[in-house]
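Working notes for the structure below.
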Amino acid sequence: MVKNLVLWVVVAVIMMTAYQSFNSSSVENSTDYTTFVYDVSNGQVTAARFDANEITVTKTDGSKYSTVMPPLEDKKLLDDLLSKKVKVEGTPFERRGFLSQILISWFPMLFLVGVWVFFMRQMQGGGGKAMSFGKSRAKMLNQDQIKVTFADVAGCDEAKEEVGEIVDFLRDPNKFQNLGGKIPKGILMVGPPGTGKTLLARAIAGEAKVPFFTISGSDFVEMFVGVGASRVRDMFEQAKKNAPCLIFIDEIDAVGRQRGAGLGGGHDEREQTLNQMLVEMDGFSGNDGVIVIAATNRPDVLDPALTRPGRFDRQVVVGLPDVKGREQILKVHMRKVSVAQDVDAMTLARGTPGYSGADLANLVNEAALFAARVNKRTVTMLEFEKAKDKINMGPERRTMIMTDKQKESTAYHEAGHAIVGYLVPEHDPVHKVTIIPRGRALGVTFFLPEGDQISISQKQLESKLSTLYAGRLAEDLIYGEENISTGASNDIKVATNIARNMVTQWGFSEKLGPILYTEDEGEVFLGRSMAKAKHMSDETAHSIDEEVRAIVNRNYARAREILIDNMDILHAMKDALVKYETIEEEQIKQLMNREPVTPPSGWGEPKTQQAAYANSTTNDTKPESAVENTDDFNV
């Protein structure tokens, strides 16, 4: 606020000075003293105003001009003016004190000097003060401000064990120093977005009870040259004054990217900042008691000099949680929500493979919002299922009008997926089938894995292929080949990619054998070539296409045979989907056993609740979900 006030004062003084200069230069027309005397003698002057040695003259025609009286006594002038009956006026001399004269004379200079001193003092300050570009933007949090502990971090037990030594060192450094051991100078936490890297860093500071400096990698480099390196120096100077302490640099790949990489060349500001960081972390001057923790989801782009031992001695992988980790994370977030007794965290964890900690937190929040919309006192399993479906596939599009024929076609399509997925060997169990449009999909078939899959066998892949093609085959068997819709476009895309990877990467072709036919050339910005080298002949490429086609045809034929043998179940499942729109695991088992179908949970709830569930604006799609396919209706 003070800086803005000073700025406006400076602008006002400049405008006043300009106005006065303009005013003084734009007064009445000036002429010589001889003309004035001539006009007086000819009787052309009606009034004369004397202001020191300046005379303002008014002529008989009303025009005015000014002239300056020379420093000579003209005793005859007054007599001539009076004889011609000219109105004579005078201005008294302004009597100013000595101090007033000095103030008026020196005020502009003193004012400018004061403004200059003000800005110079601001430059010596830190933080966000004026022109303090070289000061660190790191925010320091004291131990009283950090309330996060290891109890708030779940799903990454291995990572917590890795960083546990840091906490012990910060609590009792002599324990390690007496034995001659050295604590790691830096820890690089690597993992996908949302896995809890920042949360884990805050938990380390909360457990160790030490100051915590936090900054983003993008906060170093500015528009001015040298600012990034200056901020790095200032950050480490502040950290040394508060040692022992932690420095957390989030998204370090913004400043620690590999030097000399990319399509361009030459030196840039980012490299200068990185060089200064390398020196500060492991240079001639030590930084004992200062531990640097950095987080990134792109470790492959970091400079090797930054990740070597002595700077970041230890890399801690904070990966996506497994089913047990997801259960623990869900329980942590459910503490803040009033959850009903029917909510099973393990069931939710099984149905959310590939979810990060942030995704699970969003799942719990969405379920709470669903319950609040219908004025429930607790969050039930129904709200969690609706929240999971919304995150996986987007909100329900109940306003989308589908004809009876479109509903029937979609029901046959999804029933084909469900029947083949239920009967092929080693496939994930069918969890839910719906024909309610979600996002870009007209219908969805959900499969619930029994556990996390670290690797997948050839039999599982081929079962997946049969299931993917089953939706298209169901339409073919019911309506004929000429009436197949474009709903299977995404199924075909996914199946083709799986079949091609089986041949070119995973060695599941007897003819071509376990040979890699594709190579990852890396990214262009890492200094690698833009051109992709061809590692196979045209004959080999033709053989690959033949093997891919053989795998697809084999599983296509198997899916057709399964559907032909179970046409009665296909028709019954279609009828159930048209009636209920969504069927769950219990109804699917009844249909597969050819038993009467009971209504699914939530069937018959008030329309107001259904509308409240449907009125959702978030479209947070997640491609790594347990959804088997999405029937894209856009051609």
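Cβ atoms here come from the backbone N, Cα and C positions, even for glycine.
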Same Zn(2+) site per Swiss-Prot - residue from ASP342, ASP344, ASP359, ASP491 joining HIS413, HIS417: ASP491
Between GLY191 (ATP binding site) and GLU414 (active site), the C-alpha gap once rounded to whole angstrom: 35
Separation of alpha carbons, GLU414 (active site) and PRO193 (ATP binding site) (Å): 33
For LYS197 (ATP binding site), nearby residues of its own chain (Cβ under 8 Å, 6 or more apart in sequence): MET189, GLY191, ASP250, ALA295, VAL318
Near-site residues: ATP, ref GLY191, PRO192, PRO193, GLY194, THR195, GLY196, LYS197, THR198, CB cutoff 8 A to centroid: ALA295, ASN297, VAL318, SER356, GLY357, ALA358
Distance [Cα-Cα, Å, rounded] between THR198 (ATP binding site) and GLU414 (active site): 41
For the binding-site residues PRO192, PRO193, GLY194, the one whose C-beta sees the most other C-beta atoms within 10 angstroms: GLY194
